[in-house]
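*Asks:* I grabbed these lines from TrEMBL:
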SIGNAL    1-25  signal peptide
DOMAIN    44-145  domain 'SRCR'
DISULFID  Cys70-Cys134  disulfide bond
DISULFID  Cys83-Cys144  disulfide bond
DISULFID  Cys114-Cys124  disulfide bond
DOMAIN    162-262  domain 'SRCR'
DISULFID  Cys187-Cys251  disulfide bond
DISULFID  Cys200-Cys261  disulfide bond
DISULFID  Cys231-Cys241  disulfide bond
DOMAIN    272-380  domain 'SRCR'
DISULFID  Cys347-Cys357  disulfide bond
Amino acid sequence: MRPVSVWQWSPWGLLLCLLCSSCLGSPSPSTGPEKKAGSQGLRFRLAGFPRKPYEGRVEIQRAGEWGTICDDDFTLQAAHVLCRELGFTEATGWTHSAKYGPGTGRIWLDNLSCSGTEQSVTECASRGWGNSDCTHDEDAGVICKDQRLPGFSDSNVIEACVRLKGGAHPGEGRVEVLKASTWGTVCDRKWDLHAASVVCRELGFGSAREALSGARMGQGMGAIHLSEVRCSGQELSLWKCPHKNITAEDCSHSQDAGVRCNLPYTGAETRIRLSGGRSQHEGRVEVQIGGPGPLRWGLICGDDWGTLEAMVACRQLGLGYANHGLQETWYWDSGNITEVVMSGVRCTGTELSLDQCAHHGTHITCKRTETRFTAGVICSETASDLLLHSALVQETAYIEDRPLHMLYCAAEENCLASSARSANWPYGHRRLLRFSSQIHNLGRADFRPKAGRHSWVWHECHGHYHSMDIFTHYDILTPNGTKVAEGHKASFCLEDTECQEDVSKRYECANFGEQGITVGCWDLYRHDIDCQWIDITDVKPGNYILQVVINPNFEVAESDFTNNAMKCNCKYDGHRIWVHNCHIGI
């Protein structure tokens with residue numbers, strides 16, 4: 001299972017860099033300071049997110065180029081050697097499968113084999129420098145003992161990975177910076193083009209086109225790290241600019257700073273267009289392809305076309321976000337364009353153009369070949385952005401042994417493990433891991449169910465409508481990602497439980513009211529309501545990961561899906577459970 005992670009480059013900066021130049025060998029901007037010490041001219045550092053100062057993805061600089069280590073055959077003995085290279089006394093653990101996010105550039109070492117007593121990683125056996133058959137999804141990490149080697153000086157302060165959130169177009173958004181493993185925003189006091197240009201260049205773009213104030217790219221959540229940033233415009237990082245450390249009374253999220261960056265021209269928007277829609281923001285998607293022969297326009301097969309693909313199409317069109325990705329477009333006239341020229345399109349949602357997504361190439365395969373089943377989009381300049389309050393999950397988690405006679409409604413809605421079907425109803429009980437979910441909308445548009453009220457499903461047992469079949473996934477995973485228990489939460493009632501001071505509630509479920517979450521409001525599912533749990537009756541004692549994913553099927557478009565997942569570490573002894581280190585991002 002590939003983890004979703006925080007990119008070390010912004011997705012836009014990385015993609016533009018790949019389009020316009022070579023990025024390999026560029027250092028990742030979100031790493032801690034490089035370690036001195038090192039062997040035979042090598043340098044070592046810890047990188048990635050989220051992490052503490054003594055843990056992270058291991059990166060090695062060789063011949064001026066930073067790279068990673070593959071996790072194949074990696075052991076605690078290798079971690080001991082690397083932790084000493086990094087200036088720590090020893091290792092307490094190691095990680096695999098890019099737990100701290102995938103790196104970039106070279107993979108320097110593969111099949112690394114150490115006894116643990118080596119003075120340098122160069123003394124360990126491996127396939128040789130730069131010889132690897134791995135991908136960055138297999139990057140290894142280490143967890144070092146938080147004790148420094150005598151005489152090794154390095155603070156490993158984690159202050160870096162500027163990122164943009166909430167923007168409708170590549171190269172624009174709310175500015176967020178990383179400090180002590182926590183993302184936070186920047187106050188707009190004294191925010192200007194010089195500071196904005198530093199951000200844009202740090203992300204791999206050109207200079208800034210506009211410095212935005214007043215939370216024009218939406219309000220952030222949590223910490224505000226910087227205020228009164230004064231840059232000359234030549235600094236390599238925003239942290240290098242003189243600034244004021246924020247205090248609680250200094251600034252609010254209504255003053256979050258943002259940027260619009262200048263982007264190199266790629267011409268991608270000339271290879272896509274919409275036809276048949278009622279406005280320029282909607283229609284059947286047509287793309288231009290080349291040879292053999294002259295350039296020609298054609299349609300996209302609607303099979304498996306969804307929100308992620310529509311997001312890329314709207315971005316390429318310069319029309320912002322996708323409200324809907326449509327697999328049937330019979331109600332839009334296609335004119336004289338009838339040929340399907342692209343099929344099997346599968347996107348991650350971060351691509352700049354559809355030709356960067358996986359697809360069938362010249363071998364067109366489409367289950368339904370009529371033009372009525374070709375892909376369409378409805379685009380919008382704004383979108384919602386849901387974020388789970390991770391600290392509340394950690395604070396409210398507990399175990400309940402609930403009698404079966406109180407779980408008939410939950411069983412009807414498939415909120416129990418499959419083994420419950422063979423239980424001796426109504427006798428016995430199920431062991432439930434309960435917790436509260438507080439889901440904030442930090443975007444620039446309300447979060448609304450995809451289906452209208454006419455298609456909501458009434459559930460007699462609980463006495464409410466479901467506007468979304470699955471609103472959240474709850475999973476218990478082993479440390480290597482194997483699922484051992486799962487739960488799900490239908491949108492029993494999407495409503496504004498509470499809002500920020502200057503925001504009024506708009507959605508309320510009573511009396512068959514409209515459902516949704518207003519921008520600046522949050523919906524609270526308390527720990528004591530039905531199905532707000534994972535059935536862990538069959539889970540054995542051990543160390544696990546609690547994972548919560550909002551809007552898991554991408555039914556509703558959002559400006560950012562990377563913050564829809566939360567993970568916590570769990571320790572279960574068969575009677576009690578400890579939930580800790582809850583954080584956003586997989």
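Each residue, glycine too, has its Cβ placed from N, Cα and C.
Give me the structural setting of these features: burial, nearby parts and distances.
*Replies:* On the 0 to 100 pLDDT scale, the domain 'SRCR' (44-145) averages 90 in the predicted structure.
Cys70 (disulfide bond): 24 other CB atoms within 10 A of its CB, across all protein chains.
Residue environment of Cys83 (disulfide bond) contains 26 other Cβ atoms, counted within 10 Å of its Cβ in all protein chains.
Residue environment of Cys124 (disulfide bond) contains 18 other Cβ atoms, counted within 10 Å of its Cβ in all protein chains.
The 10 Å shell around the Cβ of Cys251 (disulfide bond) contains 21 further Cβ atoms across the protein chains shown.
Long-range neighbours of Cys200 (disulfide bond) (same chain, six or more residues apart, CB within less than 8 Å of its CB): Gly171, Gly206, Ser207, Ala208, Val259, Cys261, Asn262.
Counting only residues at least six positions away in the same chain, the Cβ atoms of Asp192, His194, Ala195, Ser197, Val198, Leu238, Cys241, Pro242 sit under 8 Å from the Cβ of Cys231 (disulfide bond).
Around Cys357 (disulfide bond), the C-beta neighbours below 8 angstroms that are at least 6 residues distant in the chain are Glu309, Val312, Val345, Arg346, Cys347, Thr348, Glu351.
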*Asks:* Counting across all protein chains shown, how many other Cβ atoms sit within 10 Å of the Cβ of Cys144 (disulfide bond)?
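*Replies:* 27, counting other Cβ atoms within 10 Å of Cys144 (disulfide bond).
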*Asks:* Of the disulfide-bonded residues Cys70, Cys134, Cys144, Cys187, Cys251, which one has its Cα closest to the Cα of Cys114 (disulfide bond)?
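*Replies:* Comparing Cα positions, the closest of these disulfide-bonded residues turns out to be Cys70.
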*Asks:* Using DSSP, what's the helix, strand and coil tally for the domain 'SRCR' (44-145)?
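*Replies:* Split by secondary structure, the domain 'SRCR' (44-145) comes out as 16 helix, 35 strand, 51 coil.
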*Asks:* Counting each residue once, how many in the domain 'SRCR' (162-262) are helix, strand and coil under DSSP?
*Replies:* 16 helix, 34 strand, 51 coil
*Asks:* Kindly report the helix/strand/coil residue split of the domain 'SRCR' (272-380) according to DSSP, in that order.
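*Replies:* Across the domain 'SRCR' (272-380), DSSP assigns the residues as follows: 17 helix, 35 strand, 57 coil.
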*Asks:* Reported as an integer number of Å, what is the Cα distance between Cys124 (disulfide bond) and Cys187 (disulfide bond)?
*Replies:* 48
